[in-house]
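The block underneath contains the structure these notes are about, expressed in structure tokens.
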Amino acid sequence: MTNMRKKHPLLKIINHSFIDLPAPSNISSWWNFGSLLGMCLVLQIITGLFLAMHYTADTTTAFSSVTHICRDVNYGWVIRYLHANGASMFFMCLFLHVGRGLYYGSYLYLETWNIGVILLFATMATAFMGYVLPWGQMSFWGATVITNLLSAIPYIGTDLVEWIWGGFSVDKATLTRFFAFHFILPFIITALVLVHLLFLHETGSNNPLGIISDADKIPFHPYYTIKDILGVVALLTVLSSLVLFSPDLLGDPDNYTPANPLNTPPHIKPEWYFLFAYAILRSIPNKLGGVLALVMSILILMFVPFLHTSKQRSMTFRPISQCLFWILVADLITLTWIGGQPVEHPFIIIGQVASILYFTIIIILMPLAGWLENYLMKW
């Protein structure tokens, strides 16, 4: 069996990726989120497939087909809520995974990091289109507001929006194509994940000290497989508790009202995991400026490796950078809160200050802190 594991063309790939993979001996639980994201992706594809068997992508029947899934299909409500809350877990793990990368300097593995950012964009696009499918009030108005932002693009904006809509408003054509894209994107994400892993295994994992660990490696199995199983059990405990006790905790009550183009909800807002970007979008009075800020709020991650000025890779021994990092985390939590509030005083000014702080920390303060820490090391 050992020989087969090491010689069989297919098993050899699995062996080199998950069994005999040399891993640093000191990676902490912050390195668990990669495997958790993989588990979330598999869960989303499986539950999504079963939902697609009963869902109809038509404006007249979409809402009632979701109701049918919850009421008439055997354990349909479990599948539906696992899928909806699984998305929340997915983004929770994503944000922690990206945060880990920022803190420990994993972004210096350029290819792995950039594909990770593309994965983040693809996951956000998938989640947005999935939110439109139940065809509730927030689905319809969310789709209208977000797609309409593309009209801010000079010259081609309006044509682009109507092309995406498949008409002059969000309607049947929009829902059908969103369903098609929502179905195919997770498989594209899976392919990107394999490329992400391919590049990661070219360099090997980073570690909390941010130093080369070639002299002290241990096999991935059994050490990190067991460690990952603990993470999976913890995640499934949280997810199942959410699904079974409070499935609508993270959803919007407006989405239990069928979509009505003649009635605008008082507060149009996306799911919680988009609120920070939505707050940045709303903080700029100009439409095109807001759209650019929205895109840059994620795209800025691609510039982080080029803004790294410190001689140390990780923030483990860099207290000034640590302070800035945790201020950034607090700022993102503030932006998430602001994104869910109405556009009125004092929320407008708080959102604007938090948005400016977000970009200032990443573009200006972090590189300055790295430079200062280098200077203090000499001193």
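Cβ coordinates are placed from backbone N, Cα and C, and glycine is handled just like the others.
Here Swiss-Prot flags HIS83, HIS182 as heme b b562 binding site, drawing on similarity to another entry. Sequence annotations record features per position, and here Swiss-Prot assigns heme b b566 binding site to HIS97, HIS196 based on similarity to another entry. Annotation comment: Swiss-Prot describes HIS201 as ubiquinone binding site, evidence class similarity to another entry. Here Swiss-Prot flags 33-53, 77-98, 113-133, 178-198, 226-246, 288-308, 320-340, 347-367 as transmembrane segment.
In this chain, the transmembrane segment (288-308) touches the transmembrane segment (347-367); three or more CB pairs sit within less than 8 A of each other, excluding pairs fewer than 6 residues apart. A sphere of 10 angstroms centred on the C-beta of HIS83 (heme b b562 binding site) encloses 21 other C-beta atoms. For HIS196 (heme b b566 binding site), the same-chain residues 6+ apart in sequence whose C-beta sits under 8 angstroms from its C-beta are THR112, ILE115, GLY116, LEU119. Counted over residue pairs separated by six or more positions, the transmembrane segment (77-98) shares at least 3 Cβ pairs under 8 angstroms with the transmembrane segment (226-246), which defines the two as touching. According to DSSP, HIS97 (heme b b566 binding site) sits within a helical segment. The CA atom of HIS182 (heme b b562 binding site) is located 29 Å away from the CA atom of HIS201 (ubiquinone binding site).
Counting same-chain residues at least six beyond the ends of the transmembrane segment (288-308), those with a Cβ under 8 angstroms from any Cβ of the stretch are 98, 102, 105, 107-108, 110, 113-114, 117, 120-121, 124, 149-150, 152-154, 276-278, 280-282, 355, 358-359, 362-363, 366-367, 370. Fewest other C-beta atoms within 10 Å: among the binding-site residues HIS97, HIS182, HIS201, that description fits HIS201. The separation of HIS97 (heme b b566 binding site) from HIS201 (ubiquinone binding site), Cα to Cα, is 17 Å. Each residue contributes its Cα atom, and for HIS97 (heme b b566 binding site) and HIS83 (heme b b562 binding site) those atoms are 20 Å apart.
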